[in-house]
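Residues or ranges marked as domain 'EamA' by TrEMBL: 2-133, 158-287. Positions annotated as transmembrane segment by TrEMBL: 31-52, 64-83, 116-137, 158-177, 183-204, 216-236, 273-289.
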Amino acid sequence: MLWFLLAFATAFFSASEVAVAKRTLGDLPPLYIVAYPCAYSLPLFALGLVFVDIPPIAPGFWSLLAVLVPINALGMLLTYAAVRMSPLSLTMPFQAFTPIFAVVTGFFFLDEVPSWLGVAGIVTIVFGSWVLTAGGPRRENDLLAPLKAIVADPGSRLMLGAAIVFAFAVVMGKDLLLHSSPLFAGMSFFIIHNTAILVALFLTRTIRPATLLERPVAGLLIGCVLFVHIVCHNLALSLTYAAYMVAVKRLNGLISVLYGGVMFKESNMRRRLVGAGLMALGAAIVALVG
């Protein structure tokens, strides 16, 4: 059950990261919202690496890390391109498919084979997440709207691509920590990952470094939440199948609904709570078999 508690903590801090970003940085362009957590969490990851014991590093660790950084960055790029191009109600539901794809990638890369009951729990979480996010203010009863849009809407296709990319990323991330240790892998990856993103943004003059000093309190808060999120993520990932872990992490959608209702007074809570209930049921199944 420790893995489940850590995975649920990952979901909580993941949702909290988004809620804090929306509250404190919601008026900024998307790339600025990416840059703030990257910049303010970077010193924490660097400091954390100082206090983490350096484990025996298996051959292939650094080459795997070098491949994983652009893959994770590609997932982020596809995600932000999708939400800029198309409505959230047509794009965000496709994030729910990451656990399903992770069952496949986990089998091929890590020889992980979840039980049939575990797969049923994952599917229940995915369906609950779909009910939770599909449809918007004008599509409250049309849960098939995202599927209908995928033919004509490029943003929906991009988000489906992002779900596939992240299914590879989570499995490769587990492989990375198996080559070293959960904390060393997490600290090392995000030091390089965040640095690469910031350097790219600065060199392309998309963002000026001074801009990131304009809201230090928001940056520090988001940076700390991201740091704890990643620590919990890697520790949970080291204790169970990647598909189980990322399925429970998708409970961040449930937590985001609660944040939306409390912090942002969002409406249409009845249908969202039905989806949340399905996700909770799926999580309970996964917890019992994982």
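Cβ coordinates come from backbone N, Cα and C, glycine included.
Nobody curates TrEMBL annotations by hand; they come from automatic prediction.
The highest tally of CB pairs under 8 A with the transmembrane segment (158-177), across 31-52, 64-83, 183-204, 216-236, 273-289, is held by 64-83.
Within the same chain, the transmembrane segment (216-236) stays apart from the transmembrane segment (273-289): fewer than three Cβ pairs sit under 8 Å, each pair at least 6 residues apart.
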